[in-house]
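Beneath this line is the structure, given in structure tokens, with notes to follow.
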């Protein structure tokens, strides 16, 4: 194996929970990318206008952000985390099953808000749990985690595509005229962000003809094994009340004996972990309580803030680029054919997924700080070249693929790096997930309004500015890392920065 025996043994000890968290993140990806391509069929199903149906995007994105902020509430114990993941993954399957029954746009928005809350909880809890299990070895497992969200985001549009309407799915006297704009409108909604659609007029009344319900029911069935896997983990951990007496723990008899053997090293490790559990990885509101700030240096806050700002920019770039690259391509000066331009968002997400797959082995050999540096510099250079060759359609496709590769591993690498700086005792996961979510929402809205006022060329200028800011904030993070106090000498042997102890006790913690 390309990693050493120590990490391999740790992975084997935590195989079931690790695979479970990866599968839950697949649910996250499955849910995040289906709305764009299916929105026009959902508009027909609810017989609403384009401006009304695009509010469904907002309800999902806003509640995803809210769920990310609140996700840490369920992290206080392992049982709370697993029950929250079980409820969230089951809610996603139920949402897929219920969507075909929603014939009112307000009801659909409420259902998508529930999906957003579930996705936000999954995002925060899964990242937190993997960081808690693997700590200094978490980078490679976080890269794999985010590969699964990319895989799910690629799969759901492919499932939906055969069931999408080729012509307008509300039959009326104006159908023939409206249907000619349908491919362009649909591509403007890929993957999960609405463009400026106010000038399109599609019929709202008539006979509804759509088969998109089958796509949602297929996705509900595909996602159903995920809550089953979480429930099985709860059962193995003896956390299901009805089955406590007959279940078995995840650890073998030898590992249990090692775990319960009273040694001086275990006592020291426990002493270190108590304050760590009390002060780290809470929800956003708990992190902001004044009791967590006592005795903290200014660099403690600076690391949190600069790390979140880097992800605010990079995840914002992911959102604005995937949302507007199609609209940029079909406008002058490129004037790409609509069908060809429709491949750009898919290419972008495909290379994000490919990059996350490549980053799994790379992250074991390369430090997270180095990977983040390569990512932000690569994003900055790619946008610079896109500006220089702004009249080249070929380079637009090359640049889109390059941007997907460089952005792919930024979030997991930044998360691993920031948690490592804070010795896994801060609120980095919660703050970074929240910052990334805010960035994706805010920068999409900002870029959309700028493009509307200044033209399509401002799309690349905004990306260049955001890339430059991401690099600047990362430089500040490196500076604050050098200033951040090192672990005290008396706890050095028990620190999470020392893998020797966590190797022996690094199994699934309750």
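Even glycines carry a Cβ here, placed using N, Cα and C.
Model, not experiment: these values are computed from the prediction.
Within the set 277-297, 298-318, 319-339, the record from TrEMBL flags 298-318 under the feature transmembrane segment. Of the given residue ranges 188-210, 395-417, TrEMBL assigns the label transmembrane segment to 395-417. Record note: among 370-389, 490-509, 370-389 is the stretch given as transmembrane segment by TrEMBL.
TrEMBL lists transmembrane segment at one of the ranges 138-159, 160-181, namely 138-159. Ranges compared are 245-267, 429-451, and TrEMBL records transmembrane segment for 429-451. Against the transmembrane segment (457-480), stretch 298-318 has more CB pairs under 8 A than any other of 52-74, 298-318, 340-358, 395-417, 429-451.
Residues of the same chain lying 6 or more positions beyond the ends of the transmembrane segment (340-358) and with a Cβ under 8 Å from any Cβ of it are 33, 143-144, 146-147, 150-151, 153-154, 157, 183, 187, 190-191, 318, 321-322, 325-326, 329-330, 396-397, 400-409, 412. With a threshold of 8 Å between CB atoms, the same-chain residues lying at least 6 positions outside the transmembrane segment (105-126) that come near it are 21, 24-25, 27-28, 31-32, 35, 42, 46, 48, 52-53, 55-56, 59-72, 74-75, 81, 84-85, 87-89, 91-92, 95, 98-99, 145, 429-430, 433, 437.
Comparing 21-40, 52-74, 298-318, 370-389 for CB pairs under 8 angstroms to the transmembrane segment (214-235), the maximum falls on 21-40.
Put simply, of 298-318, 370-389, 395-417, the stretch with the most CB pairs closer than 8 A to the transmembrane segment (138-159) is 395-417. Here the transmembrane segment (298-318) has long-range neighbours at 352, 372, 375-376, 379, 403, 407, 410-411, 414, 417-418, 421-422, 426-428, 431-432, 434-440, 442-444, 463, 466-467, 469-470, 473-474, 476-477, 480-481, 483-485, meaning same-chain residues at least 6 beyond its ends whose C-beta is under 8 angstroms from one of its own.
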